[in-house]
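Annotation source Swiss-Prot lists Zn(2+) 1 binding site at H253, H255, H341, D364, citing sequence analysis. Here Swiss-Prot flags D257, H258, D364, H615 as Zn(2+) 2 binding site. Under the heading region 'KHb', Swiss-Prot lists 77-144. The feature region 'Metallo-beta-lactamase N-terminus' is assigned by Swiss-Prot to 185-395, with sequence analysis given as support. Per Swiss-Prot, the feature region 'Beta-Casp' maps to 396-589.
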Amino acid sequence: MIRRETFVDDILKEIREIIVQMVPREAGITDVEFEGPELVIYVKNPEAMMKDGELIKNLAKVLKKRISVRPDPDILLPPEKAEELIKQLVPPEAEITNISFDPSVGEVLIEARKPGLVIGKNGETLRLITQKVHWAPRVVRTPPIQSQTIYSIRSILQTESKDRRKFLRQVGRNIYRKSEYKSRWIRITGLGGFREVGRSALLVQTDESYVLVDFGVNIAALKDPTKAYPHFDAPEFRYVLDEGLLDAIIITHAHLDHSGMLPYLFRYKLFDGPIYTTPPTRDLMTLLQQDFIEIQHMNGVEPLYRPKDIKEVIKHTITLDYGEVRDIAPDIRLTLHNAGHILGSSIVHLHIGNGLHNIAITGDFKFIPTRLFEPAVSRFPRLETLVMESTYGGSNDYQMPREEAEKRLIEVIHQTLKRGGKVLIPAMAVGRAQEIMMVLEEYARVGGIEVPIYLDGMIWEATAIHTAYPEYLSKHIREQIFHEGYNPFLNPIFKSVANSRERQDIIDSGEPAIIIATSGMLVGGPSVEYFKQLAPDPKNSIIFVSYQAEGTLGRQVQRGLREIPIVGEDGRTEVINVNMEVHTIDGFSGHADRRELMSYVARVRPRPERIITVHGEAHKCLDLSSSIHKKFGISTRAPNNLDAIRLK
C-alpha cells in the first residue's frame with residue numbers, strides 16, 4: 001500500500017517544529033503523526049490546547065492539514081475505571097445505556113436517552129469528564145432500536161484498536177508522501193456499471209494516484225461471471241492491483257451493486273488500503289454483505305468471501321460526514337455530499353491537483369424531497385466533470401408524482417385487504433422499505449390501516465440502523481423525533497418476523513396482512529417464499545416499488561408472465577401460477593427519473609464542462625447523454641465498460 005515514502009519523516013519533522021512554536025508548552029506535546037487523512041497531535045494536557053479557541057484553526061491554516069488533538073495514550077484511565085467515573089459524574093437522569101471506548105482515537109462514546117444531561121449546562125459535565133478520565137467524550141442519543149450490526153462494528157474497532165492505529169499511520173504516510181509528479185493528466189476507466197445497472201466500479205487515475213469509486217456485484221447475473229463482477233481483466237486495473245498502487249476506495253452507498261465486492265479484495269489480498277464512506281454506509285454495507293453470503297450459503301453456492309473478510313473491510317474503513325474535506329492522496333481531496341438515495345448515500349466530489357480538475361460522481365441519487373431524505377446536493381465549490389446515473393434516463397422514464405404514488409399505494413392495499421387478501425411488497429432492506437414504512441405509518445395513525453404490517457428479512461435491522469443516524473434523515477422526521485418526541489419507526493403496527501416458522505404462519509393465516517420483505521427484485525430472501533405461496537391466490541396483490549433489473553424474477557413478474565418456473569432449494573423446478581394482482585408504482589424509487597435528471601443538470605453549479613452518463617441500460621445512457629447535449633450544449637459521453645476517458 002505504501003509507495004514512495006521518501007521525505008515523509010522530514011515533512012513531519014518540519015511540522016513538529018512549527019507546532020512546538022505555536023502550541024503552549026504546558027500542553028505537553030508527546031507525538032505528532034499522520035493518521036489517515038488527519039494530522040494528529042498527542043498531548044499530556046488536552047485542556048491547555050482548548051484555552052485558545054483559535055489555536056487549532058490557526059494550526060490548520062498554517063499547515064494546510066486537518067488537525068486532530070488527542071490525549072496521549074499513557075494518560076488515559078483504564079476503560080473500566082473511566083466508565084465507573086463517568087457514571088459518577090453524569091446524573092442518573094441522563095439514563096446512560098452504553099459506554100464504549102475506541103483506543104485507536106482516544107475516544108469514549110457515551111450513549112444516553114437524554115444526551116443533554118451528559119453534556120451539562122454550557123458543556124460543564126463534558127469538560128469535567130475530559131479532565132477526570134482524559135478520554136475525549138462523544139455523546140449520542142441512544143438508538144430506540146438496538147442494532148446488532150452497530151454493536152459488532154464498535155466491538156471490532158475496539159478490539160482491533162492497535163492494528164487500526166498502525167493502519168491509520170500507514171495511510172497517513174501514503175497520503176502525505178512527497179509527490180513525484182505534478183498532476184498533468186486525469187482519466188477515468190469504467191470497470192462496471194457503464195451502459196448497464198449493476199457491478200458499479202470506476203477507476204480514477206492521475207500521473208500520481210489511483211482511486212476507485214464503488215466496487216459492486218450484479219446479483220442478478222451471478223451465474224455469468226462475465227456480467228456479475230467488475231472487470232478485473234482491465235489491464236490498468238490488473239496492474240494497479242498487482243503492484244499495490246491503489247490509494248483508496250470510495251463507496252457512494254451501501255447497496256450491493258456498489259459495495260458488494262469489497263470483501264473479495266481482502267479475501268485474496270488484492271488491497272489493504274483505506275475505504276472512505278459515511279458512517280451509515282459502513283454499517284449498512286456490513287449488514288448487506290453479511291446477508292449476501294448467508295443467502296449464497298442457503299442456495300448451496302460457495303460464497304465469494306467470508307465473514308472475516310467483511311471484518312477486514314470494517315477495519316479499513318474511514319468514515320466521513322457530509323461536507324468534511326479530506327486529503328486521500330497527494331493530489332486528490334475528497335468531499336462527500338448528500339445524494340438523497342438511501343441512508344448515508346453520497347455524491348463524491350474529487351478536487352484534483354490543487355485546482356487542476358474537479359469531478360462529481362453522483363452514484364445513485366434523488367433530486368426531490370422524500371419522506372426519508374432531503375434532495376441531492378447540486379452546488380459544489382468547483383466542477384468540471386459530472387458523472388451521473390441514468391437508471392431512469394430514457395425519454396419516457398417519468399415516475400408518478402410522489403403524492404399520486406402514495407395515494408395509489410393506499411388504494412391497492414385497501415382494495416386487497418377489503419377482499420381478504422394479503423399484500424406483498426418486495427423491497428430492498430435499505431431505502432425503499434423504510435420509505436414505504438413511513439407512508440403506511442402515517443396512514444395507520446389516522447386509522448386507515450388496522451392490520452399488522454410484517455417486516456421480514458433484514459428490514460428490522462436496517463431500520464434499527466436508520467434510528468441510530470437521525471441527523472441523516474429528512475428535516476420532517478428529525479423534527480418528529482427531537483421536537484415532538486415521536487419516532488414513527490416505533491409504531492406498534494410494525495411486526496418483525498423472527499424466523500421461517502413465523503413466516504409460514506403468516507402465509508397460512510386466513511387474515512389479511514401487509515408484508516414488506518427482502519429482496520426487492522425477488523432474487524433470494526423471504527420475498528421469494530412469500531411470492532411462491534401467495535401468487536396463485538387472486539385475492540392477493542404484489543406491489544413493486546423499486547427498479548427491477550433485467551434477468552430477475554421481479555422483472556418477469558412485472559412483465560406479466562403468468563407461469564414462471566422457479567428452482568427450489570432441493571434443485572427441482574416448479575412452475576408458479578401467478579394469479580395475484582401485479583402492480584408497479586414507480587413513484588417510490590430512490591433514483592431520479594428523467595425529469596429530475598434533466599432538472600439536476602439545469603441546476604447544478606458550477607455548470608460542468610462535461611457530463612458522462614452511467615448506471616443505466618445502454619439505450620437510457622445514450623438517450624440521456626444526447627438529450628443533455630441538445631438542450632444544454634454541454635459535451636456528453638455514454639461510455640461502455642472498459643472505455644477510458646481522458647478528462648485533462
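Even glycines carry a Cβ here, placed using N, Cα and C.
Where Swiss-Prot records a feature, it is marked here on the structure.
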{"residue": "H253", "record": "Zn(2+) 1 binding site", "Cβ within 10 Å": "29"}
{"residue": "H255", "record": "Zn(2+) 1 binding site", "Cβ within 10 Å": "28"}
{"residue": "D257", "record": "Zn(2+) 2 binding site", "Cβ within 10 Å": "24"}
{"residue": "H258", "record": "Zn(2+) 2 binding site", "Cβ within 10 Å": "31"}
{"residue": "H341", "record": "Zn(2+) 1 binding site", "Cβ within 10 Å": "30"}
{"residue": "D364", "record": "Zn(2+) 1 binding site", "Cβ within 10 Å": "29"}
{"residue": "H615", "record": "Zn(2+) 2 binding site", "Cβ within 10 Å": "29"}
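Taking the mean position of the Cβ atoms of D257, H258, D364, H615 as the Zn(2+) 2 site, the remaining same-chain residues with a Cβ inside 8 Å of that point are G193, V197, G198, S200, D214, G216, T252, H253, H255, G363, E389.
Cβ proximity to the Zn(2+) 1 site centre (mean Cβ of H253, H255, H341, D364, cutoff 8 Å) flags the following additional same-chain residues: T252, A254, H258, A339, I342, S345, G363, F365, G431, G590. In the three-state DSSP classification, H258 (Zn(2+) 2 binding site) falls within a helix. Considering only the binding-site residues H253, H255, H341, D364, the residue whose Cα is spatially closest to the Cα of H615 (Zn(2+) 2 binding site) is D364. Along the region 'KHb' (77-144), the predicted structure has mean pLDDT 91.
Across the region 'KHb' (77-144), DSSP helix (H, G, I), strand (E, B) and coil residues number 32 helix, 19 strand, 17 coil.
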